[in-house]
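**Q** Heads up, here are the entries from TrEMBL:
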- 95-104: compositional bias 'Basic and acidic residues' (COMPBIAS)
- 266-279: compositional bias 'Basic and acidic residues' (COMPBIAS)
- 123-278: domain 'PPIase cyclophilin-type' (DOMAIN)
- 48-110: region 'Disordered' (REGION)
- 255-279: region 'Disordered' (REGION)
- 20-40: transmembrane segment (TRANSMEM)
Amino acid sequence: MRTLERELKRRARAEKLKPLGVVVTTLAILLFIGGGIYLLTTAGGADDNEAADESTTPVEPAALTATPVSGEKVPMKRSSPLPETVTCDYPDDGEASKDIDKPATDNVPATGTVTITLKTNQGDIPMELDRAISPCGVNAIEHMAKSNYFNDTVCHRITGGGLNVLQCGDPTGTGTGGPGFKFAGEWPVKDSGLDQNTPLVYPKGSIAMANPNDPDANGSQFFLNWADSQLPPQYTVLGSMTDEGTKTVADIAKNGIEGGGTSDGKPAKEVRIEKAEVK
């Protein structure tokens, strides 16, 4: 019975850690709100891969395409600067998927950038993380990268359409894993004055934290926007990929989804982070 309960909790967490809770299911309802399109789904439905598994004829993966989205873009800089240093909090949050200590909490810098390159089997993804926009999030990701937390892990999810992301950061490769601690949402979740329910555009190349439908429960999973994506401002922005990194992720999207899915699923060609290199 305990094993069953753990499995049910694991599945629930996997669904929640998808940006906006977008899951491709057997029943979908399109709801138009203020020019934005939300995909509302039945709970616990099957994704594209599961639907493909029921077919007796193998389906060749097709390149993902991005649906043009409109609307205001998430500001990539704060309107008012933070102090030079801030204090962060990383409370416990379940069991760690991979052994790691908590990040430092005092005198965390809130200026400058951190360069992290994800060395993957599909090419390098250089990222410029901005301490000035989300210092506690950048501090956490930098700490995990320096602790080899992301090394030899797979990016388990890729999407197309109006949500165009590659999701990484889970050592289990299931969408349920985390570092055993969490941290609160930063920009644009806090201090931006933006309506948290109004969809905005997370621009092509931007990087943000995935969360389990709780902006204050960030862990280790993050998503890379290979094209503009429409989401409410409930996902903490960390910074941006370089042009090289964005191209690498866009090329990964061209490989499609395993099983021939068209909008959401496991990358057709495994994307493995061999090393996260901090410069």
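Placed from the backbone N, Cα and C atoms, the Cβ positions cover glycine too.
Those TrEMBL annotations? Automatic predictions, nothing curated.
Thinking about packing and proximity, how do these listed features fit into the structure?
**A** Counting residues 6+ beyond its ends, the compositional bias 'Basic and acidic residues' (95-104) has Cβ neighbours under 8 Å at 88, 139-140, 142-144, 147, 149, 170-172, 177-181, 220 in the same chain.
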**Q** How many helix, strand and coil residues does the region 'Disordered' (48-110) contain under DSSP?
**A** 6 helix, 7 strand, 50 coil
